[in-house]
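Accompanying notes for the structure given below.
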Amino acid sequence: MKVSIIIPTYNGAHKILKALHSLERQVYKPEEVIVVVDGSTDGTASIIQNNKIQLPGFKIIEQANSGRAAVRNRGAAESTGDLLVFMDDDMIVPKEWLSAHVEHHNSVKNSLLVGKLEPPGIELKGEFIIFENWQNNKWNKNLIQDNREVALLKNPYISANNFSIPKDLFLKLGQFDSRLNDAEDYDLAVRAFQENYPIYISSKAYAYHIDLGLKNFRSYIRRVRQYRTAQEKLVLLNPGLYIDKNKNERYPDNPVGIKYNIFKMFAHEYWIAAAEKEYLKWLPLPIRCKIYDIIVTANGKFFPDKVDLSKN
C-alpha cells in the first residue's frame with residue numbers, strides 16, 4: 001500500500017517544522033509527504049526549504065489562498081498513493097502514528113479512520129487552556145465510550161487534522177466540498193455515512209495538537225459562531241442532505257423550557273468577562289468547566305447575537 005501524507009498550511013512557519021520532524025521519526029515510512037502552502041505570507045515555503053527535511057517523496061506546492069477544503073483537495077490531486085493520510089501543520093505525531101493508520105486500512109477496506117487528538121504534554125496554565133483540555137477529554141470519551149483502541153462511530157465525524165481514507169474512496173465521495181471554508185470534514189463524514197462507508201476512531205493513531213489557535217474564551221466563542229454559520233451554509237448548499245435536523249445533530253437548535261432560560265441567562269457579557277478574568281477559579285474544576293461550557297454554548301451557539309464580540 002502506497003501512502004501519501006498531505007499537510008495543508010497557511011502562515012504556519014512557526015509550527016510546521018515540528019510537525020515535519022515528527023514525521024521523520026515514523027516507524028512506517030510513507031511514499032511521499034506533500035505540503036500545500038495555501039497563500040501564506042510568512043515565508044512558510046522558504047523556511048521549510050532552508051531546513052534539511054529527511055522525508056521520502058517530499059515536495060512543497062504553493063498556491064493562491066483557496067481555503068481549507070480546496071487546499072486539501074489540491075494535495076490529494078497531486079498525490080500518487082493508494083492511501084491518503086491528512087494531518088495539519090500544528091500536529092506532532094508519535095512514531096507509531098502512521099503504522100496505526102496503515103494497519104487499520106489493511107484490516108478494514110473501504111473505510112475512514114480518525115485519530116484521536118491529545119493536548120501537548122505540558123503543564124496546563126490558564127483557565128481557558130484548562131477548559132480546552134477538559135472539553136477535549138469529554139469529546140474523546142463520547143467518541144470512544146468503552147475504551148477500545150479502535151471503535152466504529154455511530155454518528156458522522158471526521159477531524160481533518162488527523163484522518164485517513166483510500167484515495168479511490170475519497171474521489172468517489174466527491175472530495176471535500178471546495179465551496180466550504182469550514183465544516184468540510186463533517187460534510188465529508190455525512191456523505192460517507194449516506195453511502196454506508198464506515199468511519200472508525202482510533203486511540204492508537206493519536207496525535208498531539210500543539211497550536212489550537214484559540215487563545216481565550218472570546219476567540220473560542222467566535223469560532224463556535226463561525227461553525228454555526230458553516231452548519232447553516234451546509235443546509236443551503238445541500239438541503240436534501242441537511243434539511244432534516246434530526247439527521248444532523250450538529251445543526252443549532254435552540255433549547256426549550258428551563259434549559260432555554262438557563263442558556264439565555266448565561267448569554268451575557270458579564271459571564272464572558274467572568275470566564276476571561278478567572279472569577280470562577282475558586283470552584284472545583286469539574287463544576288467551573290461545566291459552567292464555561294454553558295457560557296461558550298450560550299454565546300456561541302444558541303444566542304450568538306446577544307453579545308457583540310467584533311470589537312474585543
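FYI, residue positions are counted from 1 along the chain as it appears here.
Even glycines carry a Cβ here, placed using N, Cα and C.
Heads up, TrEMBL stuff is auto-annotated, nobody curated it.
According to TrEMBL, the features are:
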- 4-118: domain 'Glycosyltransferase 2-like' (DOMAIN)
Across the domain 'Glycosyltransferase 2-like' (4-118), what is the average pLDDT of the model, as a whole number?
95
Under the DSSP assignment, what numbers of helix, strand and coil residues are found in the domain 'Glycosyltransferase 2-like' (4-118)?
37 helix, 33 strand, 45 coil
